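Taken straight from TrEMBL:
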- 1-11: compositional bias 'Acidic residues' (COMPBIAS)
- 15-25: compositional bias 'Low complexity' (COMPBIAS)
- 49-176: domain 'MARVEL' (DOMAIN)
- 1-35: region 'Disordered' (REGION)
- 49-72: transmembrane segment (TRANSMEM)
- 84-107: transmembrane segment (TRANSMEM)
- 127-144: transmembrane segment (TRANSMEM)
- 151-172: transmembrane segment (TRANSMEM)
């Protein structure tokens, strides 16, 4: 029978061998966080945003822009057609851009891209949509107002203009608040850095 020392030596060699084989094995346990591996699997809808004023306005904008676009697409004949084409472009662009922003805000995807000023982006989108929807509705009402689909498109165009205008007003207020908070945080950071810079010479004198 083997002695105790031989058994201890055998166990030590076995443990070292298992450690070496485990280190060289390609099947290593990953240390990657679960949240990074999931990708888009952890997305959840934000009901607070959808129930809020901005969320409800975004939903209404998407619906009105879609209805206006459908109304203008049902028109088979036009004379002249410039106003109809312009209204079609405005309603389709507003529907696509506002729909994308609605998805980003409702799923909190914009939080993953902090490099973009989303308050300013929303303000620019709502402001431009208000202006172009208003102009397109006036042009369509002046040039094409004979068919029922044209009249319906004009009505929904003005409704979309009103909703976008309200959203623009709220977006301006939200953007101003964010600018004030950013300026306040920058001021506090500058004061903290200046205090740290003033305290460093005293620390150096005490060290000497």
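Any Cβ shown, glycine's included, is placed from N, Cα and C.
Remember, it's a predicted structure, so these values are computed and weren't measured experimentally.
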In the domain 'MARVEL' (49-176), how many residues does DSSP call helix, how many strand, and how many coil? 108 helix, 0 strand, 20 coil
Could you tell me what the rest of the chain brings near the transmembrane segment (127-144), counting residues at least six beyond its ends with Cβ under 8 Å? 61, 72, 75, 78, 80, 82-84, 86-87, 90-91, 93-94, 97-98, 150, 153-154, 157-158, 160-161, 164-165, 168, 171
Taking all residues of the domain 'MARVEL' (49-176) together, what is their mean pLDDT? 92
